[in-house]
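> Sending over a structure as structure tokens; questions will come in a sec.
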Amino acid sequence: MSTPDAIAADEAEASNKFSFMAAVSKTPKKIQFADDMQEFSKFPTKTGRRSLSRSISQSSTDSYSSVASYTDSSDDEMSPRDKQQTTTKGSSDFCVKNIKQAEFGRREIEIAEQEMTALISLRKRAQGEKPLAGAKIVGCTHITAQTGVLIETLCALGAQCRWSACNIYSTQNEVAAALAETGVAVFAWKGESEDDFWWCIDRSVNGDSWQPNMILDDGGDLTHWVYKKYPNVYKKIRGIVEESVTGVHRLYQLSKAGKLCVPAMNVNDSVTKQKFDNLYCCRESILDGLKRSTDVMFGGKQVVVCGYGEVGKGCCAALKALGAVVHVTEIDPICALQACMEGFRVVKLNEVIRQVDVVITCTGNKNVVMREHLDRMKNGCIVCNMGHSNTEIDVASLRTPELTWERIRSQVDHVIWPDGKRVVLLAEGRLLNLSCSTIPTFVLSITATTEALALIELYNAPEGRYKQDVYLLPKKMDEYVASLHLPSFDAHLTELTDDQAKYLGLNKNGPFKPNYYRY
């Protein structure tokens with residue numbers, strides 16, 4: 001018997017004092033969505049603690065855990081809610097899978113720090129000023145090593161933090177333990193039930209002698225909970241920062257209904273979030289997720305990508321580079337024309353569904369791939385989702401008696417038809433790159449830095465700068481986030497002369513583009 005290969009784990013200034021408030025001289029222009037808003041989602045029906053049912057909140061079910069997590073969450077183990085755990089300092093104000101894994105989590109965070117140099121630079125530049133002194137931030141995001149770097153940066157800048165997970169599968173248990181060990185009140189573990197999910201959010205909000213004054217949210221569930229259950233707390237919040245399409249949509253629903261009594265920052269539509277997290281991140285992580293889960297070779301394969309927004313553009317570029325024949329579906333004539341100019345054939349899904357080898361959804365919509373499409377797919381077709389929510393593929397229609405589900409490996413299922421045809425479904429239709437692989441740390445550094453600056457801006461903004469509405473991150477701050485990441489590439493910016501700045505009508509230090517500029 002051959003010996004298995006050993007797996008090796010690779011482990012591993014501050015310059016001028018930065019003034020955060022000088023970046024913005026006037027109120028940024030608000031973004032407005034043209035589409036009709038749906039009713040703000042309602043609080044789900046409570047289920048048993050150990051229930052295997054999925055949370056009906058979109059953000060909590062959009063993905064599985066990162067494969068980087070050391071730990072799993074088998075059902076026969078005791079619930080973390082039933083355990084009595086304390087840190088080495090005697091604190092019990094947390095709820096994680098196993099506090100003894102803190103050392104492993106610390107190593108994960110240290111590895112992430114190596115690729116998040118811009119966020120570390122921000123931490124060093126600003127920790128003397130403590131711009132978040134007095135801020136009590138309650139957060140609900142994916143709890144990964146990269147988020148750990150963000151949370152510890154916020155604490156270094158003076159904030160007190162309490163945290164829960166926006167997704168019932170994405171928590172790295174060892175990272176949650178490491179954060180709890182440092183004194184952050186974390187309530188999260190991989191594999192939470194629906195009841196666990198809302199219990200964790202409630203515990204993060206409702207701390208002893210502690211009331212939040214800032215919210216950092218991913219998906220809107222935390223904002224929804226505070227709005228519904230703690231209206232007095234909600235009215236005293238100084239600012240909300242939201243990073244996801246789903247959460248931003250919910251904020252605009254509140255605003256349209258006249259129920260948003262807090263200034264909110266739409267980080268999702270900032271350039272440094274949208275272009276980099278959506279375009280460049282997906283360009284790399286789509287291939288990583290597909291290859292790790294299916295071992296597929298893309299040369300000559302026929303692929304259809306549903307949606308040619310930033311995520312779709314990244315996916316198409318990566319697949320094309322490996323020799324795949326890529327088709328695109330689109331509702332927007334401008335995006336469709338862009339796809340045509342890049343050499344992709346724009347089709348309706350029904351026109352190619354019988355011949356394609358891979359179907360990828362990137363629309364942010366619902367019911368994009370329906371049972372009628374799944375019935376017509378050829379044997380072995382791979383189906384996956386790169387959109388934020390798990391609504392794009394009609395997975396529920398596959399849970400019928402005539403179809404057989406066969407788990408092949410983690411996050412990979414074969415759905416078998418009566419005639420023997422198999423469709424390969426990845427992550428049960430949830431977000432592929434957080435389910436079957438990992439997201440590049442450098443990209444998360446860009447997003448985390450953007451979020452940190454948004455929190456600082458809202459917390460320190462003078463009264464009257466922001467009304468009870470939803471705003472974009474100020475352009476100057478978008479540019480500052482980008483500038484912090486340039487040293488990683490040894491990139492050197494050209495500086496305008498006084499004469500050139502006057503000719504263009506610009507400040508030499510920016511902002512360099514108007515808010516309406518499309519990058």
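Note that Cβ sites are derived from N, Cα and C of the backbone, with glycine treated the same way.
TrEMBL annotations: computationally assigned, not manually curated.
Below are the features I grabbed from TrEMBL:
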REGION    42-91  region 'Disordered'
COMPBIAS  53-72  compositional bias 'Low complexity'
BINDING   T144, D218, E243, K273, D277  substrate binding site
DOMAIN    278-439  domain 'S-adenosyl-L-homocysteine hydrolase NAD binding'
BINDING   G309, E310, V311, G312, K313, G314, E330, N433  NAD(+) binding site
> Consider the binding-site residues E310, E330, N433 and say which one has the Cα lying nearest the Cα of D277 (substrate binding site).
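Going through E310, E330, N433 one by one, the closest to D277 (substrate binding site) is E310.
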> Assuming the binding residues for NAD(+) are exactly those in the record, G309, E310, V311, G312, K313, G314, E330, N433, what is the maximum CA-CA distance in angstrom, rounded?
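Answer in Å: the longest Cα-Cα distance is 22.
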> Given the substrate binding site residues T144, D218, E243, K273, D277 in the record, what is the largest Cα to Cα distance, rounded to whole Å?
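Taking every pair of listed residues, the largest Cα separation comes to 18 Å.
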> On a count of neighbouring CB atoms within 10 A, which of the binding-site residues D218, E243, D277, E330 is highest?
D218
> Between C-alpha atoms, which of these binding-site residues comes nearest to N433 (NAD(+) binding site): T144, D218, K273?
T144
> Near the Cβ of G309 (NAD(+) binding site), how many other Cβ atoms are there if near means within 10 Å?
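If we count other Cβ atoms within 10 Å of G309 (NAD(+) binding site), we arrive at 19.
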> How many whole Å apart are the CA atoms of E243 (substrate binding site) and G312 (NAD(+) binding site)?
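Their Cα atoms are separated by 19 Å.
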> Cα of K313 (NAD(+) binding site) to Cα of T144 (substrate binding site): how many Å, rounded?
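That separation, Cα to Cα, works out to 26 Å.
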> Out of T144, D218, K273, the binding-site residues in the record, which is closest to G309 (NAD(+) binding site) when you go by Cα distance?
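When the Cα distances are compared, K273 comes out closest.
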> Between the Cα atoms of E330 (NAD(+) binding site) and T144 (substrate binding site), find the distance and write it as a whole number of Å.
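Cα to Cα, E330 (NAD(+) binding site) and T144 (substrate binding site) are separated by 33 Å.
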> Can you give the mean pLDDT for the domain 'S-adenosyl-L-homocysteine hydrolase NAD binding' (278-439), rounded to a whole number?
93
